[in-house]
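Novice: The structure follows.
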Amino acid sequence: MDKIIIEGGKRLSGTIPVSGAKNAALTLLPCALLTDEPLTLRNLPRLADIDGFQHLMNQFGISTMIAGSRPEDFGRVMTLQATRITSSVAPYDLVRKMRASILVLGPMLARMGEATVSLPGGCAIGNRPIDLHLKALEALGAQIELAAGYVRAIAPDGGLPGGRYSFPVVSVGATENALMAAVTARGKSTLHNAAREPEIVDLCKLLVAMGAEIEGIGTSDLVIHGVPRLHGATYMVMPDRIEAGSYACAAAITGGEVTLKGARIEEMEATVQALRDAGVAIEPVAGGLKVASDGKLRPVTLSTAPYPGFATDMQAQLMALVCRAEGSSVLTETIFENRYMHVPELNRMGARIETKGRTAIVHGVEKLTGAEVMATDLRASMSLVIAGLAAEGETQVHRLYHLDRGYERLEEKLALVGAQIERVGSD
Ligand code: EPZ
């Protein structure tokens, strides 16, 4: 298996292009199910999860075509067309590799009147139930059956009536499934306490471009007026705010100055505020964001929260940054029950982090030292890369398949701004 070798201590300087957002792309792709016309998505990131989703869509008989990239398209351009659905089953061997596959449940149900999806297992950061997805679809009129490790959703006499659901917990995926099921329901649907992440807004914008009628976009209260059918569209995937925030931490921990091309500050306010509290200078510039630090970092105290709060997907990366702060930071992870697996690995690099339940106390240290470390989940892997960039000596990060799920051309982008980093096939 590949590994990444980093020689730390290099100050990052220059421009990093931000790719299309993984977590937007994974909910925009299944929208192809909602029409028999072509759906063209631009600025798709080149990531393992996107390839996996393309393969899943092919399983349903959906044609997918990747256009040759043109200068103006940093990301990939894919056209999907669900002329005829040949299967409405998302099989275990695909779903277990990519839990975002559950996002076909709502649109497949809307298109075919029924859908069968393998229950996604948990993952490293938690058991990741899907009860809210199922309760929301039931509220829209679906019948839900669970059997033999699969969930089967059925629309009474082939079409969902629509309905009202109030989420007891904010759930990004459940909001996405409910939205994709509701847009062609017979009547009106109302979602309360819906997720407001920018990726949800991106989904709503695509659905509206396809002919859906949605009110309250960007708020916690969404009203969807069902329409008989949707048409095709061409849509540009939003930039990845988590990738941008990750590279901002990388620039800051090295005392560098990096421009994040394509980053939108309005979608990253909580991250920008946390970095500014840590003593990092961040300013919007034409077409992106400029991040600069003199390497002197202050401790921060914050909790993760649903948008517009501080993103749980940024917790591990910020933790790596504040390992070098002058003082102790207190980070509380409120979204997932097991999202501190980067802590033991960071401590092996000389960090001094204590965890007590959902809270981590990060005592800043003078220096980090390079080590061989193991990636355990996507964002934890990135926190080890960030620490390695500032550590003295060599850091080797193993199990890169985690990183490849969420960071397109990571070593290329970091080398662009002066990191001494290379990917090698392991012996
Ligand atoms: C999405 O996951 C993202 N993934 C995650 O990013 C992100 O961490 C998460 O939202 C929160 O922002 C994609 O968009 C593909 P949730 P999702 O439903 O939809 C509980 C990354 O690193 N819950 O908002 O699965 C759940 O256990 C990934 O890019 C239920 O209890 O997250 C969690 O505690 C990791 N029942 C909380 O809600 C449900 O039915 C939030 O989960 C669903 C969720």
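A Cβ is built for glycine as well, from the same backbone N, Cα and C atoms used for every other residue.
Computed from a predicted structure; not experimentally measured.
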Novice: Record says Arg99, Arg128, Pro129, Ile130, Asp131, Leu132, Ile335 bind UDP-N-acetyl-alpha-D-glucosamine. Source is TrEMBL. Which of Asp157, Asp313 does it list for that same site?
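Specialist: Candidate listed by TrEMBL for the same site: Asp313.
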Novice: Sequence gap of 6 or more, C-beta under 8 Å: which same-chain residues meet both conditions with respect to Ile130 (UDP-N-acetyl-alpha-D-glucosamine binding site)?
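Specialist: Sequence-distant Cβ neighbours: Ile102, Leu119, Pro120, Val151, Gly173, Ala174.
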Novice: Can you give me the Cα-Cα distance between Lys22 (phosphoenolpyruvate binding site) and Asp313 (UDP-N-acetyl-alpha-D-glucosamine binding site) in Å, rounded to a whole number?
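Specialist: Lys22 (phosphoenolpyruvate binding site) and Asp313 (UDP-N-acetyl-alpha-D-glucosamine binding site) have their Cα atoms 12 Å apart.
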Novice: Residues of the same chain, at least six outside the repeat 'ANK' (186-219), with any C-beta under 8 angstroms of its C-beta?
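Specialist: Counting only partners 6 or more residues beyond its ends, the repeat 'ANK' (186-219) has Cβ contacts under 8 Å with 21, 23-24, 27-28, 31, 34-35, 39, 136, 140, 159-168, 170-172, 174-176, 178-180, 225-227, 229-233, 235, 237-238, 241, 264, 267, 306-308.
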Novice: When DSSP states are grouped into helix, strand and coil, how many residues of the repeat 'ANK' (186-219) land in each?
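Specialist: Breakdown, helix to coil: 12 helix, 8 strand, 14 coil.
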Novice: I need the least crowded one of these recorded positions (Cys123, Leu132, Ile335), counting other C-beta atoms within 10 angstroms of each C-beta.
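Specialist: If we count Cβ atoms within 10 Å for the recorded positions Cys123, Leu132, Ile335, the smallest count is at Cys123.
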